[in-house]
Amino acid sequence: MNQERWQKIEAIWIKARECEDAAQREAFLEQACKDDSDLRREVDSLLSAGARESEYLGPGLFTPEVGVGSVLGPYRIIRELGKGGMGVVLLAEQQRPVARKVALKVMSQFATGTEARQRFMVERNILARLTHPWIARLFDSGTTSRGAPYLVMEYVEGEAITTFCDRRRLDLNERVRLLIKVAKAIAGAHQRGVIHRDIKPSNILVHEEHEQFLPKVIDFGIALPMDRDTRLTDTGSAPGTPRYMSPEQAGLRDAQGRAMEPDVRTDIYNLGLLLYELLLGVYPIPETERMDALGLRAAVIEGRLERADLRWQRLPAQTRQELADSRHMSSLAIYRQLKQDLCWILLKALALQPDDRYQTAHELARELERYLEGFPVEAGPPSRLYHWRKSILRHRWWYAAGLTFVLTVCGFWITLFQQQRETRHQRDVAERQRNNTRLVLDFVIDMFQSGDPEQMGRETAMNLEEMLLRATKGLDAGRFEREPLIRAELLETVGSIYANLAMYDQSGDLYRRSYDLRRQHQGADHPQTLIALRGQIAARQYHLDAKEVIAEYQKLITQFADGPSDELAETLISYGNYLVFNGLPDQAKPILERAESLLSEENPEHLTLRADLAHIFCGIHFAELDFDRAEEKVRESLALYHQQSSPNPTAIAVVYSSLAVIKQLKGELDEAADLHHRARDLIRDFQGTKSSSYLQIGVNLGQLYMDQANFESAEHHYREVLSLLADMQAGATLVHGETWMFLGASLRAQGRLKEAEDACRRGLLILGQLMPANDPNLAWYSLNLANVMLAQDRFEEARPLLDDAIAALTRHHGADHHRTLQAVQVRLRCLIGLQRYQAAIDEGSRTLALVRNLPDNALNLEPLILGAIGRAQLLDGRLKEAEPMLLKALTHTEGSAELGGIFRKSMLLALEDLYRRRDQKGREAHYRDLRLSAESDPPTPE
């Protein structure tokens with residue numbers, strides 16, 4: 001749409017507003033627009049926006065009952081935070097059931113139109129859906145005594161994101177990291193079926209917490225539910241802030257002339273505008289092209305946005321310098337960063353047509369992370385040189401390792417060649433060594449001759465597997481028959497690579513052969529022989545009885561006691577890792593502390609061992625349910641791995657996966673998803689899709705989708721793992737059995753109970769064949785089958801299964817272990833189903849005392865048990881005792897992704913029933929409204 005067209009629309013709009021009544025306006029518009037239906041629609045859109053504005057705005061927004069100092073239910077009004085056309089936002093202090101500051105949004109008494117009230121209710125329903133750490137939460141809602149609706153929201157003390165970044169003088173990369181978090185929050189809203197439509201700096205508040213910059217997305221006042229059944233009727237206006245409108249919000253039409261409706265890609269455009277302003281400090285459309293609202297809309301619709309690098313160059317020199325100072329960078333450095341990747345990302349995010357943009361907020365976040373990590377960005381050109389440069393950076397570990405190895409061999413050859421000239425005896429030795437070196441060099445050339453650098457992208461894992469197979473065959477060919485120690489060294493080298501790829505059978509076989517050679521030629525107590533033995537034990541430990549493995553490690557530690565301290569430390573770490581993996585963290589701790597005492601922060605050669613050690617300590621804290629300490633240790637491990645001159649991508653992927661699981665258990669599901677995907681991408685690129693690490697991450701992703709109530713996606717991931725296992729023809733393994741059990745849980749959550757029971761029984765059959773009968777893990781997995789039975793009201797059948805599981809878990813872990821307590825929580829549901837209410841209350845009370853000794857909020861057990869006790873008391877007619885239990889349980893659901901679905905609804909339903917029995921109509925209606933507003937949420941598993 002050109003400027004002349006917009007000038008015509010503006011002229012008609014101005015004259016139409018001057019008409020005295022509706023009849024006169026209609027006559028004027030008929031004459032002015034004639035047969036131009038598009039022109040009429042544009043003018044009607046502007047007139048409708050003006051009418052809505054007059055409906056919303058009024059001379060006053062306060063009512064006496066919500067003035068400063070007044071009390072509204074449990075909320076005492078402190079001061080006004082802001083006003084808008086729909087109402088007023090107040091800072092209030094909540095006095096019960098918890099003391100905290102909240103933001104209270106009260107609808108204006110003048111915004112009485114049907115659509116205004118409907119919009120307010122839609123905002124309430126939208127906020128009730130959203131549970132994300134970077135989105136301001138809805139705590140409560142209600143109506144004043146005069147019937148004005150209000151919302152109680154999380155109070156966010158922060159600054160607008162642009163102000164925060166400028167005041168802190170954050171550089172471009174720091175600003176990108178902050179926007180990644182915003183994009184993930186918006187992705188979380190999209191997953192809950194909500195389009196924000198008004199993303200702008202003032203709606204992203206940032207604060208600092210524990211030296212981290214954390215954003216909060218606020219103001220979903222014009223947000224749009226994707227579910228059309230709950231959509232607010234569109235009257236033709238263009239909701240949103242004009243400066244931050246997308247082309248479709250501004251009136252963009254498709255090829256058939258139809259108005260394009262906003263969808264999730266509208267928010268992508270808004271995020272692109274926000275990123276542009278964060279990076280450059282200016283708007284992408286020059287001031288000369290947006291003199292008024294109509295000019296701005298025209299510029300947006302026509303895509304007259306200026307490229308970021310060109311916009312920066314054209315700014316006045318003084319403005320550039322001021323903006324550069326607020327970014328703690330030079331003007332030239334900013335230009336260089338804007339010139340390639342960031343410019344391409346902005347161009348794609350701000351594309352005129354929605355189909356040309358990133359299709360999800362998660363895609364945009366991942367693209368920005370690829371930029372920060374030095375990966376090729378998808379928005380970049382298909383240039384071979386560009387991808388080759390990025391590939392070198394991405395695979396520098398392999399390039400550096402290969403080059404170092406070849407240079408070392410060549411240097412060794414040159415040294416030996418020079419020594420040839422000293423004496424005849426030395427010459428004979430050198431000749432022999434040179435022949436050995438040629439053997440090694442020929443062997444390396446054979447390994448690497450198929451490793452074309454241009455193929456070292458996604459095919460790296462395949463090429464590596466071929467190289468290892470070629471190496472193994474070469475070692476079997478008798479090439480080193482006269483040099484057994486060189487052969488042993490190469491067997492260990494290839495064996496260690498197999499171990500890094502989690503291919504333990506191949507690794508164990510090569511280490512065994514090396515150990516046999518070294519024991520024969522160097523002796524059983526030689527340090528190199530013991531190193532080969534350690535590699536063999538580490539590879540075989542997954543197939544041996546625990547007592548046998550522990551005995552072998554203890555013997556090995558005794559043999560290493562007088563040897564090199566580095567080798568003793570590595571052996572202790574390997575042993576400690578085995579103990580943690582097998583559920584014995586208390587036994588592992590002194591072993592690992594002894595290893596830690598042998599390592600030095602000043603010794604760069606200890607970096608890898610210290611990184612491994614920190615990762616294993618993370619596992620100990622994880623077993624103790626101390627997720628904050630676990631996260632500290634896993635981040636320490638990640639930092640140490642990154643300090644290495646050539647970081648091992650496989651090790652980094654495993655650490656990412658561990659961090660993802662911790663984030664998952666802390667309820668930070670979007671960040672967990674991103675970490676899982678990053679780990680899986682690394683594993684796929686360096687190990688392929690048929691490695692145990694890749695399969696385990698697939699299972700972890702399934703668990704994440706379970707936590708997000710995306711049961712179909714969880715099922716897809718579990719079935720993908722089972723399909724890959726079938727392709728590998730690996731036979732029955734623990735991963736097989738575990739995946740069948742998890743598949744059963746996903747099917748149960750979808751209500752497919754017969755399929756769920758079949759999957760659980762199949763999984764238990766496999767696990768029963770592989771695990772000892774008294775293994776506590778077998779009892780733990782049997783809870784899945786018990787849950788399926790409870791979902792079918794087969795309480796009598798489930799009871800003995802639960803009793804046996806709890807007895808086994810108590811014997812192994814103790815009555816106060818979190819696994820035992822989780823199993824007891826399941827049995828409480830069974831007792832309630834059997835109408836044994838007093839038994840449920842008694843056992844629940846005993847269990848609650850034990851749960852409160854666990855770390856805070858560990859596995860959400862306290863609210864689940866509170867809810868079970870409250871429900872049993874309610875069904876037993878003990879209403880006075882049930883009320884505080886149910887209210888406390890409900891309080892725990894606020895802002896919790898895990899408890900925000902079925903459990904929250906069950907608590908709301910129980911409270912509704914309680915107040916119905918008491919004939920307290922107001923409270924009954926209140927909890928009914930909250931329950932109905934939660935009905936649109938997807939279910940989450942119990």
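Placed from the backbone N, Cα and C atoms, the Cβ positions cover glycine too.
Quantities reported herein were computed from a predicted structural model and do not represent experimental measurements.
Marked as domain 'Protein kinase' by TrEMBL: 75-372. Residues or ranges marked as ATP binding site by TrEMBL: K105. As annotated by TrEMBL, region 'Disordered' applies to 235-257, 922-942. Marked as transmembrane segment by TrEMBL: 397-417. Taken from TrEMBL, the feature repeat 'TPR' applies to 695-728. The compositional bias 'Basic and acidic residues' annotation in TrEMBL covers 922-934.
The helix, strand and coil residue counts that DSSP assigns across the compositional bias 'Basic and acidic residues' (922-934) are 13 helix, 0 strand, 0 coil. Mean pLDDT, taken over the repeat 'TPR' (695-728), works out to 84 on the 0 to 100 scale. Cβ neighbours of K105 (ATP binding site) (same chain, under 8 Å, six or more residues apart in sequence): G87, V88, V89, L90, Y150, L151, M153. DSSP states for the repeat 'TPR' (695-728), grouped as helix (H, G, I), strand (E, B) and coil, give 31 helix, 0 strand, 3 coil.
In three-state terms derived from DSSP, K105 (ATP binding site) belongs to an extended strand segment.
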